[in-house]
Each structure stands twice: as structure tokens, then as C-alpha cells.
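Undergrad: For reference, TrEMBL lists these features for the protein:
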COMPBIAS  417-463  compositional bias 'Polar residues'
COMPBIAS  470-484  compositional bias 'Basic and acidic residues'
REGION    413-484  region 'Disordered'
TRANSMEM  46-73  transmembrane segment
TRANSMEM  94-113  transmembrane segment
TRANSMEM  176-201  transmembrane segment
TRANSMEM  339-356  transmembrane segment
TRANSMEM  362-387  transmembrane segment
Amino acid sequence: DLSLLRFISAELTRGYFLEHNEAKYTERRERVYTCMRIPKELEKLMFFGIFLCLDAFLYVFTLLPLRVFLAMFRFITLPCYGLRDRRLLQPAQVCDILKGVILVICYFMMHYVDYSMMYHLIRGQSVIKLYIIYNMLEVADRLFSSFGQDILDALYWTATEPKERKRAHIGVIPHFFMAVLYVFLHAILIMVQATTLNVAFNSHNKSLLTIMMSNNFVEIKGSVFKKFEKNNLFQMSNSDIKERFTNYVLLLIVCLRNMEQFSWNPDHLWVLFPDVCMVVASEIAVDIVKHAFITKFNDITADVGICEYRASLAFDLVSSRQKNAYTDYSDSVSRRMGFIPLPLAVLLIRVVTSSIKVQGVLAYVCVVLFYCGLISLKVLNSIVLLGKSCQYVKEAKMEEKLFNPVLTATPGKPAGKQQSMFKSTQGISTDENGSTSVTKQPVHQKENTPSLLVTSNSDQFLTTPDGEEKDISQDNSELKHRSSKKDLLEIDRFTICGNRID
């Protein structure tokens with residue numbers, strides 16, 4: 001019998017029986033805890049990734065000149081030792097010389113670019129026009145970074161390719177000019193970005209700086225409500241690491257230029273400090289909000305997601321330190337994060353040499369001491385990173401992946417057949433995507449089996465930690481219904497756009 005009194009009584013005395021749907025509310029509570037853990041875990045990943053970029057960036061200023069000197073010394077003294085092998089220089093030495101020559105040529109080419117004229121040209125534009133230009137520069141930087149590493153890799157491979165093979169390229173000289181042109185144009189692009197940021201710092205009403213910072217929050221709208229897989233979020237995390245490190249270098253350039261204009265007055269540094277803090281704080285806030293809601297909407301936990309991303313980056317570092325690694329560590333970081341240190345290094349050298357005048361014996365002594373300090377910082381940073389990377393790899397149970405041999409494809413035989421043949425002898429199973437994984441009890445190799453080359457696994461043989469792997473023979477039914485996904489470390493090329501370009 002329905003009545004108004006009975007309805008009001010039911011509304012006042014109605015209870016909640018949440019225990020009848022315990023799983024649902026437990027999941028909601030875990031989502032809240034995941035969002036609370038995201039800032040801590042994300043900053044750990046960012047901190048580790050930024051120091052990876054710093055290590056690759058310092059390599060250009062510290063170890064690369066020494067390696068170029070050793071390569072040139074070997075080339076000059078080669079007649080004293082005789083030609084014991086077919087190569088005049090080792091492939092690594094050829095790549096070092098190419099990097100050094102590109103760096104020197106682009107540095108002298110940057111002297112023809114007038115920074116002061118560019119600053120006044122940009123300052124004379126309207127705020128809205130500069131905002132559009134800044135957005136276009138960000139898009140162009142991502143495209144340059146995506147294609148630039150391919151240009152450099154093509155040059156290195158063309159210069160070191162075995163000569164007995166049939167020529168299938170246009171030659172080393174055209175590739176070299178393409179690389180020089182790319183580094184020069186990318187350095188100019190970053191210089192325009194730094195100049196625009198400098199104009200925003202020096203504007204009276206700070207309107208341009210406010211608009212540029214608000215552009216970061218527009219990024220949240222463009223990414224939060226999209227569907228993200230774990231691999232896509234890993235790509236976006238690498239992009240954010242590269243973007244944050246590049247912004248730190250741009251802020252350093254802006255501070256150097258402003259301090260030069262005010263005759264290195266330390267009081268002016270405190271004038272720039274609030275704006276620098278606002279830029280850094282906005283980047284951190286945007287990254288935290290973006291990753292927190294992406295993980296919430298796509299059911300990605302902080303432990304499985306972000307912690308695994310850090311282990312994947314650590315795996316790249318450890319694998320590149322192996323004796324038979326076929327790629328340099330800086331190139332590995334460039335491929336993974338889209339961070340190419342050469343253009344940024346050219347611009348920083350150009351700004352430092354134009355802002356700081358070295359005159360007198362004492363000044364040169366300070367330069368030598370500063371260079372020794374950079375080398376010490378590079379070595380210390382590399383040692384600490386290697387130790388932390390080994391710790392992360394051990395925690396993720398990925399040690400076996402470092403020493404698993406990989407069969408390279410031979411002419412006439414597809415790589416898939418070789419992997420299946422290798423699986424039967426080594427106890428390695430292959431999942432439905434073609435990616436290899438190590439079973440829990442691998443079969444030991446017999447003594448008469450020929451030893452295979454252990455190579456770096458950052459591009460070919462890469463898998464996720466063992467904690468998420470399952471033996472195919474144990475659960476075939478679950479494997480059939482599992483959606484096809486590629487492991488984090490299996491993907492070779494990452495762009496800084498947040499999505500992979502297939």
C-alpha cells in the first residue's frame with residue numbers, strides 16, 4: 001500500500017548494504033590509492049629518466065672528445081703497427097669521429113645565426129602570433145626528433161657497413177651532409193624555442209608566459225580521455241622525460257642569456273627565479289594529473305605500470321654495458337626517449353661560448369678544472385645509474401634476459417623459423433605475438449652446442465619481467481583468449497609524440 005507517509009518513512013530509514021557488492025567498492029578504493037601513489041612513483045621514474053638523459057648529454061662534452069682523440073691517434077699511428085685487419089678504424093671509432101665532425105661543423109655554422117637579431121624579431125611579434133609559433137615549434141621538434149635518429153643511424157651504418165656486401169645506398173658523403181643539415185636545423189629550432197621562452201620571461205605583463213604555461217594544461221585534455229594501453233603509456237612517459245629535461249636545458253640557456261645582459265649581477269637571478277619555478281611546477285603538475293587519470297581510466301596500476309617502465313629503462317642501460325652490445329648507450333636512450341643530444345649540445349656550446357669570455361691564464365685554468373669536474377660528474381653519474389639499474393633489473397627478475405643469446409636472421413630464412421628452432425634447443429617458448437620468453441625451468445645447453453654471440457637486447461630480444469610471464473603449457477586456454485600485446489622492451493622505436501609511428 002503506497003502512501004506519502006510510507007514513502008517519507010522509507011526515505012528517512014533506508015539503509016546501505018555495501019557489503020553485498022564488496023568487489024566493486026574495493027576496486028574503487030584501490031583506484032583512489034593508485035592515484036595517491038602515482039605522484040611518488042612517477043617522480044621516481046622521471047628522476048631516473050632525467051639522469052639517463054643527463055648521462056647521454058654529458059657524454060657529448062666529456063667522453064666523446066677523448067674518444068675522438070684516441071680514434072684520430074690510432075689513425076695517425078696506424079702505419080707504425082701495420083694493417084693487421086681489413087679495417088683502418090673500428091666501427092665505434094668511425095661513429096665517434098663522425099659525431100665529433102658533425103658537432104664541430106654545426107658549431108661553426110651556428111656562428112652565422114645572430115641570436116640578438118632573432119630575439120628582437122620575436123619580441124616584435126604579437127602575443128597570439130608567438131603562442132601559435134611556439135605550438136608549431138613543439139610539433140616541429142617532435143617530428144625532427146622522430147626522424148633525426150634515423151638519419152644518424154643511417155649514416156653510422158653506411159660508414160661501418162662491411163664492404164664486401166652489395167652497395168645499396170647513396171654513399172657516405174650524402175648521408176653525412178644530411179646529418180649535418182639535420183643537426184643544424186634542429187639546433188636552430190631549439191634556439192627559436194629558447195628565444196621565445198626568453199621573450200616570455202622578459203615581457204612586462206607576463207601574458208605570454210601565462211599563455212605558454214596554460215598550453216601544458218591543454219595537453220591534459222588531449223591525452224587523458226583517450227584509450228591507452230600499457231605500451232602507449234610507456235611511450236608517453238619517455239616523451240615526458242625528454243620534454244622535461246629539454247625544458248631544463250632551455251631554462252639554463254635563458255638564465256645564461258639574461259645574466260649576460262645584466263653583467264652577471266646575482267641579484268637578477270632572483271628576479272628570474274619565480275618564473276623558473278612556475279615553469280617547472282606547471283610541468284610537474286601536468287605530468288602528475290595526466291598520468292594519474294590515464295592510469296585510472298585504463299586500469300593500470302602504479303606497481304605494474306610505472307615501476308615496470310623504470311625497470312625497462314634500466315634494462316636498456318645494463319644491456320648496453322655488455323661486452324658485445326651492438327649499440328652505444330647514448331643511441332639507446334635516443335631511440336627509447338626520442339632524445340638526441342647533438343643539436344642541444346651544439347646550441348648550449350654556442351650560447352656558453354658567446355656569453356662567457358675566456359681571457360687570461362687563470363680563465364683557461366678554470367676551463368680545464370671545469371672540464372675535469374664534468375668528467376667526474378659523468379663518471380659518478382654513470383656508476384650510480386649502473387648500480388641502480390642492476391638493482392631495478394634484479395627486482396624485476398630480468399637478469400636471465402641479459403644473457404639469453406639471440407639468433408640473427410640469415411639470408412633465405414625468416415627470423416620466426418630460427419626462433420622456433422632455437423626454442424627447442426634452449427627451452428625458450430614463443431608466445432602468440434612472436435616475442436620470446438624464458439620458461440621457468442630452461443633446459444641447459446649441451447656441451448657440443450656451438451656458442452652463440454651474446455648481443456644487447458635493447459632492440460631485438462626484450463621481454464617484460466618474469467613476474468607477469470606464464471608458461472604456455474600450463475595454461476593454454478587462458479593464452480588463447482588473451483589479447484595480443486607487445487612487451488615494453490620488444491618495441492624498437494619510440495617517438496616523443498606519445499604514440500608509436502608504425
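FYI, residue positions are counted from 1 along the chain as it appears here.
Every residue, even glycine, has its Cβ placed from backbone N, Cα and C.
Keep in mind that what you see is a predicted model, and the values were worked out from it rather than measured.
Map these features onto the structure and tell me what's around them.
TA: Same-chain residues lying 6 or more positions outside the transmembrane segment (46-73) and placing a CB less than 8 Å from one of its CB atoms are 89, 92-94, 96-97, 99-100, 103, 237-238, 240-242, 244-245, 248-249, 287, 310, 313-314, 317, 329-330, 333-334, 337, 339, 341-342, 344-345, 371, 374-375, 377-378, 381-382, 384-385, 388.
A Cβ distance under 8 Å defines the sequence-distant neighbours of the transmembrane segment (94-113), meaning residues of its chain 6+ beyond its ends; these are 60, 64-65, 67-68, 71-72, 155-156, 159-160, 176, 179-180, 183-184, 187-188, 191, 328, 342-343, 345-347, 349-350.
For the transmembrane segment (176-201), the list of distant contacts is 98, 102-103, 105-106, 109-110, 113, 115, 118-119, 122-123, 130, 133-134, 137-138, 140-141, 144-145, 147-148, 151-152, 154-155, 208-209, 212, 246, 250-251, 253-254, 257-258, 272, 275, 340, 342-344, 346-347, 350-351: same-chain residues at least six beyond its ends, Cβ to Cβ under 8 Å.
Here the transmembrane segment (362-387) has long-range neighbours at 48, 51-52, 54-55, 58-59, 61-63, 317-318, 321, meaning same-chain residues at least 6 beyond its ends whose C-beta is under 8 angstroms from one of its own.
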